[in-house]
Amino acid sequence: MDPIIFIVALAILIFIHELGHFLTAKKLGMYVEEFSIGFPPRLISKKVKETLYSLNLIPIGGYVKIFGESEADLGDLTKADPDYAPKKKRAFYNQASWKKILVLLAGVGMNFLFGWIIISLVFVRGVSVPGEEVKVINVAIASPASAAGIVKGDIIVSVGKEKIISSEELIDEVSEYLDKQVELVLLRDNAEVFVTLEPRSNPPAGQGSIGVVISDFTEKKYSLLQAPWLGLKESIYISGTFYSEMYRGLSNVITHTGPGVEVSGPIGIYNAYSQRDGFFEKLLLTGLISLNLALINILPIPALDGGHLFIVLYETITRRKISTIKKQRLTYAGLITLLALLVFITVKDVIKLF
């Protein structure tokens, strides 16, 4: 079931991205020839007015074909052709720079928006925040805690005479009583419980001196008014971290001073996806993937939205047009580079599976 859910999730993210381009281009009066989900071969299609809507067999991809991304799109049309004037007027290359920029930004904007919405939902559902109480998550069998009657859900209030509000404080205080009797005050069902135990100086591996797993985090839920603002702050923070880590990784590669950029391809992403349990966990990862798609797509790399945006900005600022041939060569070079990188990452992901 996981592979199907994963493919559907990616298809939704692609649909959202392309929908951004499509709606913006339509709104700005451009001539949209095709809105396609997936790559050929084509399964079904329907033409509504000037636009062909198609669903293709390969779900990992999609595109919006806007007429006139270059003057070459006019093809065999002549000035005598009745479609020549309206098509040329609505062609992408013939639009104002601000319109081109909006269309190019719309796809990544939709992916960022989707990621922001999902992260905001996390705050509504509840997030773990540092609290002021230490809660017992699990108790090891045949441990001092088990013998003393400590159970899952108990809150440790004090050790000896010292109040406890964090896991660090608990560890520090318990370490003062190794192989000695000490009294703990617990809170259970809003009532105080007193227990005595003897922390071990040589506990079994993974158990700790008294044999409990603890957490000093508590779940906090936010209102629908608070969540969007917190979601936006978190999305911006994730974006900043993404680019800073990318810069650090590339710098390390260039200077040979540390590890490079750690990235995953479809196999690596699917592997992470399949390890998430439950609908909400998978939804959250989908939101994070959407956010990352936006951050990657806006990079000034030929064949990506960021590469096309860079060209538009360059032409606008310098008032110098780049020839169609040069644009095509840049796009092909970008595509080849991205495909080679995808193959390399996929091979690495496959190796990690074994």
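From the backbone N, Cα and C atoms, a Cβ is placed for every residue, glycine too.
Automatic, uncurated: that is what TrEMBL annotation is.
Features as listed in TrEMBL:
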| type | residues | note |
| --- | --- | --- |
| TRANSMEM | 6-25 | transmembrane segment |
| TRANSMEM | 101-124 | transmembrane segment |
| DOMAIN | 115-190 | domain 'PDZ' |
| TRANSMEM | 330-347 | transmembrane segment |
- Kindly state the mean pLDDT of the domain 'PDZ' (115-190) in the predicted structure. 91
- Message: Can you break down the domain 'PDZ' (115-190) into helix, strand and coil residue counts using DSSP?
- Response: 25 helix, 27 strand, 24 coil
